[in-house]
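Let me begin by presenting the structure, written as structure tokens, before commenting on it.
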Amino acid sequence: MFQVLIVDDEESVVDGVAATLPCERLEISTIHKALSASEALAVVLNHPVDLLITDIRMPGMSGLELLTRMQETSKSTKCILLTGHADFNYAKQAIQGGAINYLLKPVDDEELIGAVEQALAAIRQEWQSVVSRRRTERTLKENLPVLRRNLLLELVQRKRLSEEVLESRLQTLELPIAREDRVALVMVRLEEPFIQYDDYNLLLMEYAVTNIADEVLGEHYAVWSCRDPHGYLLLALKPLAGRNLVPEQATAAAKQLEDEAGKLARLVQLVQNFVQVTLKGGISVAGGEWGIFPAVLADAYEEGLLAFRRHIGGGFSLIQRQASLTNRPIRTLYHLYEPPSLTDLLEGGRWGDFREKVEQVFAELEERFAGSGQHALEAYWAIAGALAYITHKSGYGLFDLVSGGQDLLSCDTFRSIGQMHGRTLELIDTVQSELEGDAEHAHAAVIRRIRSYIEDHLAEDVSLQAIAKEVFLHPVYLSQLYKNVTGESLSDFVLRLRMEKAAFQIKHSRKKVYEVAECAGYHHVPYFIKVFKKYYGMTPQEYRDAHT
């Protein structure tokens with residue numbers, strides 16, 4: 001409810017204005033009256049007046065002077081000025097003084113009511129804005145730790161943020177980090193006995209470890225922390241104000257970065273010791289390489305994940321002691337995951353194409369990953385897995401077909417990619433020979449022809465009628481046959497193939513969305529985007545951003 005103050009040196013005018021206002025409709029709880037500016041100021045000192053309606057020309061202090069005094073003591077009070085003179089200078093002074101309206105006497109009742117409604121609506125809107133702003137500020141303050149953690153997660157997972165958005169969020173969340181700052185990311189994994197705890201107690205331990213890290217590292221760095229989806233603790237560190245990690249001379253910069261890396265390694269060791277002594281458990285630590293914010297966070301995160309995959313348990317520390325200012329992106333095999341997949345080729349009985357794909361994979365290993373045992377094992381396990389799949393689907397056990405299966409499938413004895421290549425070809429020869437020893441019935445040949453046709457004409461017409469015409473079968477029978485033999489409907493196979501091809505091109509090429517749509521057999525781009533989003537849970541552009 002609102003309180004209104006009416007001021008005029010003529011009592012009849014004050015009473016007339018008061019009687020005109022429909023208080024209930026306008027939600028006015030109180031109408032105060034004053035016959036001079038001094039009386040009005042006394043009322044304002046004792047009552048929270050929302051709206052002032054005053055005459056301009058009064059003995060002593062004028063309405064304009066009263067308006068000025070009101071602005072000094074009660075800035076939220078709105079004002080409507082009344083005057084019997086249509087003088088532009090009055091109107092100009094009223095507007096400059098902050099009046100919300102300016103009415104000429106005698107005032108029409110409806111005009112007065114409309115002006116008051118407008119003024120009270122403005123007051124109500126200001127109240128709502130203040131309440132909303134305060135609520136937002138309170139909510140932001142209450143959720144500041146969560147919002148900070150979420151932003152760090154977005155950055156390590158390479159979510160694209162414009163410079164303006166990133167700067168705005170850093171300021172809003174009161175984070176002492178800016179673009180181009182030198183920062184390091186330290187990753188922590190809890191080891192025994194913590195990993196035996198239930199979720200609640202594990203969460204308490206993570207909180208305790210984070211507090212210890214803040215206490216030890218906080219004397220030297222601004223610490224920004226979060227927990228990632230794998231359960232690892234992430235600590236983004238920036239040297240406290242006054243420490244410049246990059247002097248002008250390159251030699252001095254390298255020396256200072258090396259010193260900083262050594263210092264961080266010692267502090268991390270101290271954190272590990274404190275955790276061991278106070279919490280009676282171990283933690284493993286990785287990361288610590290200094291680089292440019294924000295790009296270094298995602299690079300360091302990927303390398304930290306790789307370090308944790310390579311090392312299991314033991315409470316190790318892999319803090320980088322050699323500062324490297326260049327990015328070292330983790331590359332992935334291209335041909336291994338290029339559609340059609342290994343299992344699709346085997347299901348179609350296309351052993352020749354399967355072998356060709358395997359040769360492409362090993363050629364890529366030799367050319368791009370000659371020193372990477374991890375990539376070699378990734379390829380071998382994928383190929384062996386596909387062979388195990390087709391063997392089991394054919395009703396056999398893999399070890400039933402492979403003599404000395406344990407030795408053939410073992411990866412422990414591999415000393416080179418060439419040796420693994422030869423072992424892989426032996427495995428393929430054995431499985432193919434055994435499976436093709438059985439009489440291949442007509443259904444398998446038909447399925448092979450169907451899949452070959454679909455893959456060759458994916459960007460064209462691969463309707464059921466077109467496929468049926470190609471293999472000389474009735475569409476209904478063809479559909480039933482394919483589902484019975486493969487366990488997958490023909491339409492699902494076409495959709496999967498199109499989506500895999502689209503996803504692969506989005507991820508590994510710079511083709512525009514409409515070009516990808518055409519390659520996948522979609523000539524209406526909005527429909528392609530709709531289908532893609534339904535299949536992968538994100539639009540093609542979002543998928544590209546997530547995998548860039």
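Each residue, glycine too, has its Cβ placed from N, Cα and C.
Any TrEMBL annotation is an automated prediction that lacks curation.
In terms of DSSP helix, strand and coil, the domain 'Response regulatory' (3-120) has 57 helix, 27 strand, 34 coil. TrEMBL lists 3-120 with the feature domain 'Response regulatory'.
The average pLDDT computed over the domain 'HTH araC/xylS-type' (448-546) stands at 91. What TrEMBL lists as domain 'HTH araC/xylS-type' is 448-546.
The 4-aspartylphosphate feature in TrEMBL is assigned to Asp55. Its own atom aside, the Cβ of Asp55 (4-aspartylphosphate) has 22 Cβ atoms within 10 angstroms in the protein chains shown.
Helix, strand and coil counts under DSSP for the domain 'HTH araC/xylS-type' (448-546) come to 74 helix, 0 strand, 25 coil.
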